[in-house]
Amino acid sequence: MSETTNTNEEKKKPPLNGRRALPPNNSNDEENEVPEMEAFGLIPRGFNPKDYLRVVDIHMFKEPHEINKQQHHTDKYYSPKLIVRRGQPFQIQIDFNRPYKPETDHFWLEYLIGRYPQQNKGTYIPILVGDVLKPGEWGAKITHKENNSIHLSIMSSATCIVGKFRLYVAVWTPFGILRTQRNSAIDTYILFNPWCQQDAVYLDDEKEREEYVLNDVGVVFHGNINDLKVRSWSYGQFEENILDACLFLMDKAELELSGRGNPIKICRVASAVINSRDDNGVIAGSWDNTYTYGVPPSAWTGSVDILLEYYSSKQPVRYGQCWVFAGVFNTFLRCLGIPARLVTNYSSAHDNNANLQLDFFLDDEGKLDTKITKDSVWNYHCWNEAWMTRPDLPVGFGGWQVVDGTPQETSDGMYRCGPASVQAIKHGHVCFPFDAPFVYAEVNSDIVYSRREKNGTQVIEKIDTTHIGQLIVTKEVGGDGMMEITEEYKFQEGSAEERLALETAVMYGVKKQTTQDTRYQPQMDVDMDFQMQKAVLGSDFKVTITFKNRSHNYYTATVYLSGNIVFYTGVTKMEFKKHTFSVQLKPSSSSAFDVVIKSSEYMSDLLDQASFHFFVTARINETGKILATQKVMVLEIPALRIKTKGEMVADKEMSVIVEFTNPLKQTLENVTLRLEGPGVLRTMKKEFRQIPANSTLIWELKCIPKRPGLRKLIASLNCNALRHVYGELNIQIQKP
């Protein structure tokens, strides 16, 4: 038997590596054995440890209402352990077996993290008791002595590792060091501290800290530039086990513990581990409208379910799209204490070869050639901004940094993006890490429509310089409204500064093809545009095409309208409407033409977000020139209604009612409802077999809210025929 245990022990040992004395220390979860008695040499007979100072108990003051969690803004975390922020003092009390005598008694504290603690890596931190605390450096001082107890104020370093530390108290005796036993109840979580000036994530505005660190719900702007839509998302960064799940993500990404005090490194590895590409990360993306064996992206109402499922199964959670990646990333950042916000860029370029132009190829009839057009415009794309200093860049590029967990293109061989300085993107300084050229292209590309003629020459029919990155928004501070931040990313369209920033970006290696080598002489004297009538899902609507002939010539034109059902990423699923007609354009006059779109033409193939992409091209017969324009339209999707019944008091049962009326001309089958609200109720799910046309579903459920204050309930409904149905309700929970 003894032999087998021996080999098992050996198996556990990591393989030796000729390059480093110790294996990599990249798991917060693993521990080492710490001896309770560390002898200096031979111990004489008659040595009795009980004769020396002995620790009887340690009090961490870790309840939400006690001093530490109150002062460190961590009272909302649903965790029984002590959670503090770095660079700011916290209090503990040690009870000894007798009064502490500073002349003869020597003790110190030890904080350890990971399996191979080392002092020079910041993973083993011995703290001696001194007279003063230096701001932002590890230290401890006695603030109060009473009977056998002492009160200590402990300062952590403003740059220390963020994670879960183990605490030991060590007492010196002439023959060896006596330590307290391993006790997980006194483990201490140390987080980033936006309230501390020496911390890299320091944010000086209290209202912004409350929003970007402490707010556990937010909103996601989606839809498209002509029809902005909004939905709520529950971040839930304080919910039970979420902090542990976020620390696990860094273990999963194998980020060396010594690098975990650096927000730049944390953001970079997190942007890779949020998606499942190449590292089995948190969320598997799916953009093809088939979500077998998983939850459709539109059904999620928040991050908590996703993170907890990943934490327990260690397998990617299916399925996500950009706002899901961004929502979970935001939870991760806020949970660790890095100020973060979710940002939406409308008409976002996905430029495959990063040449700052999206190439749309038309065939000789003026229709889009989908076989050779590889670039796409996303109706919207969500990413995150995280707030931090950038000591690795020249002065002035700190502040908001773009980080993106949605897998689009690889960066240094992995699907990740950022952190890229927003300020550097605005000024075109895209030479600075990380991934600034890709983000620059997402907000600044031009759309070039070109057509290959019969003889093979490429003719550019139109260059649209204003379509991409028209509007960049985030949730306002302290409310659910929209705050436009387009000017944080780019100068006024057409301004001298904007041209200069572009030239700078090109100088720093952003490829921009010139249009000199191709013929480009657009038709200047005729304007074409079109409008789409707002419509509810399941109804008919019309598209109106308008022409303005500003010349003195009489023109005739052949007009082609193509209606496509698209993914919100701008990728076409199918063309559902083709309509060609001829028009006559009288000199110096305007004319309008209507095309009716029937619900029967689109309902059977509609995707998730009910998006249409209309292309209109017109050839002026007299000159052979082409006018081209495109727009996206999103149908109105009916909402869920949420109501409450009875009084709403913390720790008392209350009722929530969710209602929905089916607006379609068909029965909805296999419908799933979800409801959640941080601090009010855990996510609840209910399945309904059928909801006939025009009938109303009612779901009533009971819950016991945990925390008083203003809270939000968020619901979603999903079935194959109808997705992206949401509802929400703000409720005030009274104190008991």
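We number each residue from 1, going along the chain as drawn.
From the backbone N, Cα and C atoms, a Cβ is placed for every residue, glycine too.
Pulled from TrEMBL:
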{"type": "REGION", "residues": "1-33", "note": "region 'Disordered'"}
{"type": "DOMAIN", "residues": "314-407", "note": "domain 'Transglutaminase-like'"}
{"type": "ACT_SITE", "residues": "CYS322", "note": "active site"}
{"type": "ACT_SITE", "residues": "HIS381", "note": "active site"}
{"type": "ACT_SITE", "residues": "ASP404", "note": "active site"}
{"type": "BINDING", "residues": "ASN444, ASP446, GLU493, GLU498", "note": "Ca(2+) binding site"}
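Sequence features annotated in TrEMBL and their locations in the structure.
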residue	record	contacts (Cβ under 8 Å, 6+ apart)
CYS322	active site	TRP378, TYR380, HIS381, CYS382, TRP383, THR406
ASP404	active site	SER271, PHE325, ALA326, TRP383, ASN384, ARG416, CYS417, GLY418, VAL439
ASN444	Ca(2+) binding site	ALA349, LEU356, ILE468, GLY469, LYS490, LEU502, ALA505
ASP446	Ca(2+) binding site	LEU356, GLN357, LEU358, ILE463, ASP464, THR465, ILE468
GLU493	Ca(2+) binding site	THR465, THR466
GLU498	Ca(2+) binding site	LYS490, PHE491, GLN492
*Please average pLDDT over the domain 'Transglutaminase-like' (314-407) for the predicted structure.*
90
_Cβ within 8 angstroms of the Cβ centroid of ASN444, ASP446, GLU493, GLU498: which residues besides those meet this for the Ca(2+) site?_
THR465, THR466, ILE468, GLY469, LYS490, GLY494, LEU502
*Take the Cβ of HIS381 (active site) and count every other Cβ within 10 Å, whichever protein chain it belongs to.*
28
